[in-house]
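First the structure, in the form of structure tokens, and then the observations on it.
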Amino acid sequence: MEKIPVLVAGALGKMGSEVIKAIYKSNDCELVAAIDNANEMEGVDIGTALGMDQMDVAVTADLEGSLCVASQSVRNSSGNAVLIDFTHPNVVYEHSRASIAYGVHPVIGTTGLSIVQLEELREFANKASIGAAIIPNFSVGMVLLQQAAAAAASFYDYAELTESHHNQKADAPSGTCIKTAEIIEEIGKSFNKTTIKEQESIKGSRGGLRESGLRLHSVRLPGIVAQQQVLFGSPGETYLLSHNTIDRSAYMPGVLHTIRKVRHLKSLVYGLEKIL
């Protein structure tokens, strides 16, 4: 069976290293590039760097060179390579554009893209007829929470969202929290209407306010991987939806599923629910 060639950007990071371990254990994926800007690890076998068996793939900071090699090596194969990106909001947009330009399918797990950047990538991928996926959260459990939140939105007029992550996460609120809010807002109504004029003694105490009236709150602490809560309220009751990621291995089934699916797409999709 021909294996899917996969490049991982952010290979030495928390998520990138988990992805490489999942690829190593899979039967149908093959790591062809481990991209990271950790200069001290340049040229080191990624397997050795992660405390695994050697994988004959050296750590490199050269994204475009890796994309070029991958695009050339698969021209005579049955499908294009896939780039998995878990890097930083400052670089993920350029990484994605470069990947599409080389005919390599980008799967973006890095959050922090602006709405304008997302739409530009959608247009770029669609024009190139290259499948691409922007996935704020690869957890199937999170997809189920979002579906439950969308259903509850019909019955509750008050709702607030809280997301908690480790203190190394650069963007806030998280892409998952924003995506959840967008799914709730698809019902097309306003939330949290009040006749009271609120006054914050400390700016930001009430969280970020969206046009729909939904409020989003962010927590950053060591010891947390990822948590999200959606709290609905009405007179006499509250309804709490909660999801807690204990270990990053929970994301790997979703990552591998996306790798397999994205090569059959001709446009960009946003959200794991679009390809389940």
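Every residue number used here counts from 1 along the chain in the order it is shown.
Just so you know, glycine gets a Cβ as well, placed from its N, Cα and C.
Residues GLY10, ALA11, LEU12, GLY13, LYS14, MET15, GLY109, THR110, THR111 are given by Swiss-Prot as NAD(+) binders; from ASP28, ASP36, that same site also lists ASP36. The closest partner of THR110 (NAD(+) binding site) among the recorded positions, by CA position, is GLY175; the full candidate set was HIS165, HIS166, GLY175, THR176. In the three-state DSSP reading, LYS14 (NAD(+) binding site) counts as helix.
When secondary structure is read from DSSP and collapsed to three states, THR176 ((S)-2,3,4,5-tetrahydrodipicolinate binding site) falls in the helix class.
Within the same chain, residues at least 6 positions away in sequence whose Cβ sits under 8 Å from that of THR176 ((S)-2,3,4,5-tetrahydrodipicolinate binding site) are THR111, PRO136, ASN137, MET142, GLU163, ALA226, GLN228. The maximal spread of the NAD(+) binding site, taken as the longest Cα to Cα distance among GLY10, ALA11, LEU12, GLY13, LYS14, MET15, ASP36, GLY109, THR110, THR111, is 17 Å.
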